[in-house]
Amino acid sequence: MERGTVLIQPGLWTRDTSWTLLYFLCYILPQTSPQVLRIGGIFETVENEPVNVEELAFKFAVTSINRNRTLMPNTTLTYDIQRINLFDSFEASRRACDQLALGVAALFGPSHSSSVSAVQSICNALEVPHIQTRWKHPSVDNRDLFYINLYPDYAAISRAVLDLVLYYNWKTVTVVYEDSTGLIRLQELIKAPSRYNIKIKIRQLPSGNKDAKPLLKEMKKGKEFYVIFDCSHETAAEILKQILFMGMMTEYYHYFFTTLDLFALDLELYRYSGVNMTGFRLLNIDNPHVSSIIEKWSMERLQAPPRPETGLLDGVMTTEAALMYDAVYMVAIASHRASQLTVSSLQCHRHKPWRLGPRFMNLIKEARWDGLTGRITFNKTDGLRKDFDLDIISLKEEGTEKIGIWNSNSGLNMTDGNRDRSNNITDSLANRTLIVTTILEEPYVMYRKSDKPLYGNDRFEGYCLDLLKELSNILGFLYDVKLVPDGKYGAQNDKGEWNGMVKELIDHRADLAVAPLTITYVREKVIDFSKPFMTLGISILYRKPNGTNPGVFSFLNPLSPDIWMYVLLACLGVSCVLFVIARFTPYEWYNPHPCNPDSDVVENNFTLLNSFWFGVGALMQQGSELMPKALSTRIVGGIWWFFTLIIISSYTANLAAFLTVERMESPIDSADDLAKQTKIEYGAVRDGSTMTFFKKSKISTYEKMWAFMSSRQPSALGVENIGGIFIVLAAGLVLSVFVAIGEFIYKSRKNNDIEQKGKSSRLRFYFRNKVRFHGSKTESLGVEKCLSFNAIMEELGISLKNQKKIKKKSRTKGKSSFTSILTCHQRRTQRKETVA
């Protein structure tokens with residue numbers, strides 16, 4: 001007799017035997033014979049592309065369950081796979097109805113939202129569980145009860161991103177999203193500015209065009225160093241290549257990717273760039289069981305035909321594949337718990353639901369399992385995944401490393417900060433070239449003196465260069481020293497903008513500043529400082545007078561050479577102007593013989609030499625006994641006297657300081673002593689920390705000192721100090737010229753004896769001199785000569801000629817007598833000019 005057969009002999013058939021056989025056929029046989037449970041999968045494919053990774057994971061999970069009989073010992077899991085085109089919701093609905101007609105316990109897929117909604121509607125009507133593994137935004141009035149989604153809740157991921165931003169203390173964040181769903185996934189972060197001190201700038205990647213270089217260029221120009229990318233792993237791989245091309249793969253940037261497949265990307269090109277790259281990971285690779293399953297997956301994938309370039313590591317299991325693997329296992333666990341799960345054929349047009357559908361759906365939502373993506377539990381109300389863990393990973397030189405964990409209940413827990421990474425910090429600078437900014441300041445940084453031309457770092461020497469050289473030898477980095485362009489240390493203006501070396505560091509034009517830069521609270525807000533190599537405080541530094549005796553020309557020291565030259569030129573200029581105006585104005589001509597009012601001879605005291613004598617006498621504060629009479633000449637004299645008053649006063653004050661400097665004792669013992677006096681001028685280095693200290697100080701003594709320093713210019717007494725007096729002098733001379741012209745016109749109109757001829761009547765025949773000669777009683781000679789006033793020098797020459805002619809005629813006619821003879825003494829002729 002073969003094993004497993006039942007022999008019933010004739011005559012032994014009784015009623016009890018019949019009931020026993022019926023019980024065996026109805027209860028014992030179904031439990032011992034294998035059952036078949038069919039599930040359906042709808043996957044989207046693209047023409048001429050390999051099989052979807054979700055479909056491969058679907059088959060891999062079914063095969064793994066059938067091989068391991070511990071989960072479903074008496075059930076064989078089979079599947080039906082249907083492939084559709086992308087975004088074809090009608091084809092998705094038709095394929096779903098075909099699978100339901102075959103009799104499936106659950107439907108998996110598709111991925112995209114339009115097709116998912118169509119399949120979900122059918123499953124909800126026929127009460128068949130719908131298993132989803134992609135992110136899907138639930139509607140407000142969600143009435144879909146027959147589905148679960150293994151993808152983490154978008155609200156939880158958004159909170160995780162916000163917690164990470166707060167942990168890093170980012171004040172400005174740039175969010176770059178691929179499509180509109182990214183704004184929904186990050187809504188917690190977008191609403192953060194209303195609750196936290198965070199500024200968010202939102203940008204969108206170009207749709208359809210993978211060239212993001214223009215966008216990256218704007219971000220680089222705008223100094224956007226903290227960037228969050230919400231995109232797929234395919235887009236992330238392409239963006240990383242363009243970031244490297246744009247020169248933005250440096251330690252100054254921090255990129256965060258919301259994709260859960262950052263660990264699966266090939267990041268070999270960026271490991272040693274120093275860039276900060278962070279992301280999430282859902283796979284629990286720390287579990288040995290998970291690691292073994294991932295290793296089996298990798299072995300199968302490496303044996304498969306090569307896939308096109310996707311930016312992923314070879315044979316790696318993505319999050320999509322892991323979620324599909326866990327989804328199949330969740331259905332298998334629920335079916336194992338269900339006793340007598342009978343799957344019937346369903347017709348979409350009949351709208352007759354599956355009788356065991358609600359019970360099976362509840363079993364799936366109640367299932368608990370630690371899968372590839374960690375602990376899996378569902379919310380019974382909306383079917384979303386809850387209470388999951390997200391690993392925080394960061395790119396290091398060794399690859400991606402776990403630096404923390406985020407849980408939907410406990411929040412963020414960073415573990416990287418507690419690790420001793422001193423060795424990594426030391427090694428991170430090896431074989432790197434740093435741009436070092438500095439400033440010329442003896443003895444810290446100086447130009448090296450050499451007969452040969454020097455280039456690069458050899459141009460400089462000093463304490464800071466020696467310190468930098470020692471650090472380079474210890475840490476193994478290279479450096480390129482550059483002087484700060486504006487020659488300043490770094491201070492903040494009223495607009496909050498920085499200059500000097502601080503600005504070079506903020507703008508990342510330099511990696512390091514090695515200089516005698518003071519550590520202040522304001523500077524520490526924007527840049528980081530190392531341990532100080534020297535501890536100093538604010539000190540009063542003043543020059544001790546040297547012991548040299550005054551030289552022969554020490555009296556010239558109070559004024560700069562430019563001032564001395566301008567004073568001499570001003571003296572010459574004023575003298576010439578005074579001479580011309582005195583000749584031009586009629587009020588400077590006077591009668592030398594006041595006893596003879598009928599005399600037509602007039603004289604002028606302001607010859608060229610007398611004008612120079614007047615200017616020199618006023619400059620020496622002595623006078624010259626020459627007093628101007630006309631208003632124009634008095635204006636010239638008054639302006640010149642005012643000019644000499646300022647010059648001589650300034651000279652006297654500075655001369656006393658120069659001569660007594662050796663006898664001065666130190667009157668400054670504290671800041672209060674310095675603030676109380678005004679004789680000794682003082683200041684600080686422009687845009688340095690000392691200047692900023694006095695500028696921002698609220699202490700009355702320091703405020704008074706800052707007011708004094710800001711009102712003084714750190715220069716000698718030169719043109720910029722007393723140059724205004726030269727402007728006053730020039731304005732006075734111009735005014736005197738106009739006044740002289742007015743005086744001449746006024747006198748011309750008033751004198752009715754002057755003949756006016758033509759248009760030149762104001763300037764011609766100003767003087768009309770009459771000389772009458774009387775002979776004897778019977779003879780008389782009258783000579784009348786009119787002088788033309790074409791030019792002043794011509795007039796003076798004619799006057800001298802007439803004088804000689806009169807003398808000659810008086811010798812030829814002895815009987816002649818003069819009624820009026822105008823003669824000038826020879827000595828007066830030399831000093832004064834006479835017009836007859």
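Heads up, the Cβ atoms here are built off N, Cα and C, so glycines get one too.
Swiss-Prot assigns Tyr167 and Ile699 to the same side of the membrane. According to Swiss-Prot, of the residues Asn276, Asn605, Asn276 is the one noted as N-linked glycosylation site. Neighbour list (Asn413 (N-linked glycosylation site), Cβ cut-off 8 Å, at least 6 residues apart, same chain): Gly404, Ile405, Trp406, Asn407. Asn276 (N-linked glycosylation site) and Asn74 (N-linked glycosylation site) are 52 Å apart (CA-CA, integer value). Comparing Cβ neighbour counts within 10 Å across the glycosylation sites Asn74, Asn379, Asn431, the minimum falls on Asn431. When the alpha carbons of Asn431 (N-linked glycosylation site) and Asn276 (N-linked glycosylation site) are compared, the span between them is 19 angstrom. With a 10 A radius on its CB, Asn276 (N-linked glycosylation site) counts 17 other CB atoms from all the protein chains. Taking DSSP states H, G and I as helix and E and B as strand, the topological domain 'Cytoplasmic' (583-638) has 25 helix, 4 strand, 27 coil. If you take the Cα of Asn379 (N-linked glycosylation site) and the Cα of Asn68 (N-linked glycosylation site), they are about 29 angstrom apart, rounded to a whole number.
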